[in-house]
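Annotated in TrEMBL:
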- 50-68: transmembrane segment (TRANSMEM)
- 77-100: transmembrane segment (TRANSMEM)
- 136-157: transmembrane segment (TRANSMEM)
- 163-185: transmembrane segment (TRANSMEM)
- 254-270: transmembrane segment (TRANSMEM)
- 290-311: transmembrane segment (TRANSMEM)
- 323-347: transmembrane segment (TRANSMEM)
- 353-372: transmembrane segment (TRANSMEM)
- 379-402: transmembrane segment (TRANSMEM)
- 414-435: transmembrane segment (TRANSMEM)
Amino acid sequence: MGQHRSNWMCPTALLSLYGFFANCRPAEPFLTPYLLGHKNISGHVVTNYLFPIWTYSYLAVLPLIFLLTDMLRYKPLVVLQGLFLVSNYLLLCFAFDLVALTYLQFNFAMVTSTEVAYFSYIYSVIPAEQYQRATAYVRSAMLTGFTFGATMGQMLISLADLSYFTVNAITLAFMGIAFLVSFSLPMPRHGMYFGTGPGASTYPLNEVTEATDRMSGREEMKGAVSRWYSKERMRFAARQMWENLRESYSTKRLVYWSLWWALATANYGQVFNYVQVMWDQIAPSSTSSIYNGGVEAVCTLVGAVAAFLVGYMRVRWEVWGELFLGVFSAVGAGSVFLTGLSTNIWLSYTGYVIFKASYMFLITITTFQIAANLSMECYALTFGINTFVALALQTVLTAVVVDHSGLGLDIVTQFIIYGSCYTAISLLFLFRGLYTAGSYYYTSRESAETRTADKT
C-alpha cells in the first residue's frame, strides 16, 4: 500500500513543485511597463509589432510541440519549457536591441506551447484512479505559484521600491529552480498515441522508475527509436487519432461546448495580452503607482474560487449549460467594455477582475463537460484541437486588428472590438441555450401528457 502510494505521490509532488516555481513570475504583471521604461521601447512597437510575433510563433510551433510531446514522452518537453523560461528572463534582463526582443517573443511562444506537456505529463505516470486528485494538486500548485509570484512582485515594486530589472532578476532565479526541478521528474514509459498499440511497452505505470533504472541509456534509446518511428506505429497512431477525433465531436452538444471554448479563449487571449498596454495608457507607469501584480493575484484567487464552486453546483448542464455560457459571456462582454472604456484605472482593474473570473468559471464548466463525456485520449486530442482553433482565431484577430501591417488600431478601439466579439458569443449561446431549454421543456411536457393519456 505504501509503495503504491509513493508511486503516484512522488511524480505528482515533483510536477507540482515544478509548476509552482515555473509559474512564480513576480515580473510578469509588469512586462509592459518594463519594456516601455527600462527597455525604452515605444508603445506602438510593443503593441503593434512585438506582441503579435508571439501569437504567430505560438500558432506555428503548437502542432509540432503537441506531437513531439507524445512522441518524446512528455518529460523532455517539460525540461525544454524550463530551459526556455530561463532564457526568456535572461533576455528580459540583458537584451536591449529590437532583434533580441523580437526573438524573445518566439522564445516565450515556446514556453506557452510546451504547457501541454506540463498538463498531460502526470497522466502518463500515475494510475487512472488517481487522475482527479493528481490534477487537483498540479493545478493548485500552478495557481498558488502564480498568485504568490504576482503578490510578491507587487510588494517588491510598491513596498520595497525595487526596480523592474531587479524583479526580473528575482524571477530569473525562480525559473532556474524550476529548470533544475524538471530533471528530477521520472521518465514515462510510453506516450498516449506513439507508445501504445502493437509493440508497446508492457511495463505497468507504477514500475516506470524501476524499469528505466534497469535499462542502460543506449539500450533504451535504441528500443525507443524502433518503437516510436516504425511504420506500423505511425499508422496505428494516425488511426487512433482519427477514431478519437470522430468520438470527440460526435454530438452537437460537444461541438457547441468546443465552439465556445475556441471563440472565448481567442478573445480572452487578446484581452490578457494587451490589458497591460491599456492600463499604461489610463495611468502611465512613468508617472503613476501601478498595481498590476495585486490585480492579477486577486483575479487568480477569485477565478479559483469560482472554478471551485463549479464542483458543488447541481445543474442539469445538458439543459442549462449553453444558457450559462450565454449569460456569463454577456457578463464578460460588459466587463471588457468596462476595462477598455474606463478612464479610471480602478474601474478598469475591476472590469478585468470580473472578466477573468467569469472566463475561469465558464472554462471550468466547459472542460468538465467535455471531459465527462470522453475518454482521456479523446479529451487530450480535443484539448489540443480546441486550443489550436482558438489560437488560429486569435492570430486572425491579431493580424487584422493589432499588427502594424494590418489595421494597427489603437488600444481602446481594440478593446471595443474584443468586447463586441464577446457580445456576439453571448448572443449566439443565449439563443442556442433558450432553444435547448425550450426543446427540453416541450419534450418533457409532451412526454408527461403522453403518459397521462396512456394511464386514462
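Yeah, the Cβs are placed from backbone N, Cα and C, and that goes for glycine too.
Keep in mind that this is a model prediction, so the values were computed, not measured.
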Do we see three or more Cβ pairs under 8 Å linking the transmembrane segment (254-270) and the transmembrane segment (379-402), pairs being at least 6 apart in sequence? yes
With contact taken as 3 or more Cβ pairs under 8 angstroms (pairs 6 or more apart in sequence), are the transmembrane segment (290-311) and the transmembrane segment (136-157) in contact? yes
Most CB pairs under 8 Å with the transmembrane segment (323-347): which of 163-185, 379-402, 414-435? 414-435
Please indicate, using numbers and ranges, the residues of the same chain that are 6 or more beyond the transmembrane segment (136-157) and have a C-beta under 8 Å from a C-beta there. 12-13, 15-17, 19-30, 118-119, 122, 164, 166-167, 170-171, 174, 290-294, 296-297, 300-301, 304
Looking only at residues six or more beyond either end of the transmembrane segment (379-402), which have a C-beta under 8 A from one in the stretch? 47-48, 51-52, 55-56, 58-59, 62-63, 66, 116, 119-120, 123, 192, 241, 244-245, 248-249, 254, 258, 261-263, 265-267, 269-270, 274, 367, 370-371, 408-409, 414, 417-418, 421
